[in-house]
Amino acid sequence: MRGELWLLVLVLREAARALSPQPGAGHDEGPGSGWAAKGTVRGWNRRARESPGHVSEPDRTQLSQDLGGGTLAMDTLPDNRTRVVEDNHSYYVSRLYGPSEPHSRELWVDVAEANRSQVKIHTILSNTHRQASRVVLSFDFPFYGHPLRQITIATGGFIFMGDVIHRMLTATQYVAPLMANFNPGYSDNSTVVYFDNGTVFVVQWDHVYLQGWEDKGSFTFQAALHHDGRIVFAYKEIPMSVPEISSSQHPVKTGLSDAFMILNPSPDVPESRRRSIFEYHRIELDPSKVTSMSAVEFTPLPTCLQHRSCDACMSSDLTFNCSWCHVLQRCSSGFDRYRQEWMDYGCAQEAEGRMCEDFQDEDHDSASPDTSFSPYDGDLTTTSSSLFIDSLTTEDDTKLNPYAGGDGLQNNLSPKTKGTPVHLGTIVGIVLAVLLVAAIILAGIYINGHPTSNAALFFIERRPHHWPAMKFRSHPDHSTYAEVEPSGHEKEGFMEAEQC
C-alpha cells in the first residue's frame, strides 16, 4: 500500500514539473518604448500592459490591445521582431505599423500606378501656402458615423471634414496624417495630389517643405479614406523628428477629431445667433512615432447612428448609451453632429423611461413638427445676419478656395425654411425667364417684318459695330479661383473666398 502511494506521489510531482513554465519562456520585457497611441475622451487616461504568457516567434508580429482608450505604451521587443499596436478609441480602433512591418508598405497607395483619369494634381494647392479647397467625393464616406460627400483639402497636411466652413479649420473636425506649416509653393516638385476610384479617396502631399525649415528636406505622406469608413495614414518620407517641428506659426497634430455645433442667441446682436463648436472626441497619435515607411490604420466601430429602428437601437449592446428619438426617427447617444436637433426636439426627455411599445400607438404625423425633415439633412444652421464662433483658438490662417464646381459653399437651411417658398420662387423665376425669351423672339420677328418702323431704326442706329469691343482672353496661368485678398497682405484667421 505504501509503495502504491509513493508511486502516486512521484507521478504527481513529475506532472507538476512538466506543467511549470521553463526558465526564459514568455515575453522579454526589456526597457525602451515602442509605438504609442493616445485617444482623448474628456478626463480618461489609463495605461495598458501586454498580456503575459504569450510566446511570440522571432519573426511574428506581436499585438497589444487597449480596450479602454487612453494611453497605450509598449516595451521594445528583443531581436528583430516588429510590432503592431492596437488601441480602441470608442469610435475607431487604431493599428500602428512600424517601418519594418510589411503591412505598412501594403497600405501605401502608389498614385503613380493608378489610372491617370482618376488622379488629379490640384494646381492651386500645389503652388500656394495656407490654402484649402473643397472636393466632392464619388461615394459617401462615413466619418464618426456621419455620411460625408464633401471634404476640404488643406496645404497644411490635413483634411477638414466639417460641413460648415469657419476660421478655425485646424482646431477640430479633421483627418490629419501630419498637420504642420507646409508650403507646397516653395518648390516646383511639391504637389498636392488626390485620387478617387469610387472605393477609396487618397490625398497625397508629395515632396512638400516646411515653411522656414526647407533645409530639413521634403515630406511625402498620404491619407486614404475608404468607402467602408477605414482611414489610413501612410508615411513615405519624414526627414526629421516630428516633435521638433515648431507649432508657433501653425498647429502640429496627427490624428482624428470631430465636433458638433450649437446655436445660441447672441447677447451682443439682437435677432442673431452664436455658433459654438464643441469637440466631442479626438484621437491623438504620438508624433514621435511618425517616421518614414510607417503607417496607421483606423477601423470604424459601430455607432448608435447606424440603427434605423427603435428595436435595434434599444437592444444595442454598444458601449454608447443609445436612445431612440421618435420625433426624428433617429438612434443617438446625444453626442454627434446632430446634437442641435436632438436638443431642439426634446429627444433626451422623450427617451426617458419609454419603451418602443409606447411609440407604436402614437400618431407619427402629429408627433413630428416637420414630417419632411430628414435625420441626415446635416447641421441646423441659421439665416440671421450675424454669425459668431466661440470656444476655439488657433494660430493658423489657412484660406479657403471654393471647389471649382461651386458645391457646398452655402450653409444648409433649417427645416423650417425648406418647402413651399423655395419652390414658389423657382417657379416664378422660370415663368419670368420664359416670358422674357418670348418677348425677345416676338420683337425680333416684328423688327424683321417691319424694317422701316421706329423700333427697327432704333436698333439700326445702334448696330454692333458702334459698340465698344469686349473680348475675354483665356490666361492658362491665371487661377480660376477668386483671390482671397491682395498679395502681400496677410491677416489672421481663415478667409473663405466668394465664387465669382
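Including glycine, each Cβ sits where the backbone N, Cα and C put it.
Residues or ranges marked as signal peptide in Swiss-Prot: 1-18.
Mean pLDDT for the topological domain 'Extracellular' (19-426) in the predicted structure: 75. The topological domain 'Extracellular' annotation in Swiss-Prot covers 19-426 and rests on sequence analysis.
Taken from Swiss-Prot, the feature compositional bias 'Basic and acidic residues' covers 47-60 (among others).
The feature N-linked glycosylation site is assigned by Swiss-Prot to Asn80 (among others), with sequence analysis given as support.
According to Swiss-Prot, the feature N-linked glycosylation site maps to Asn197 (among others), an assignment based on sequence analysis. The Cβ neighbour count for Asn197 (N-linked glycosylation site), using a 10 Å radius over every protein chain in view, is 16.
According to Swiss-Prot, the feature compositional bias 'Polar residues' maps to 368-379.
If you look up Swiss-Prot, you'll see 448-500 marked as topological domain 'Cytoplasmic'.
Annotation source Swiss-Prot lists compositional bias 'Basic and acidic residues' at 479-494 (among others).
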In which DSSP state, out of helix, strand and coil, do we find Asn197 (N-linked glycosylation site)? coil
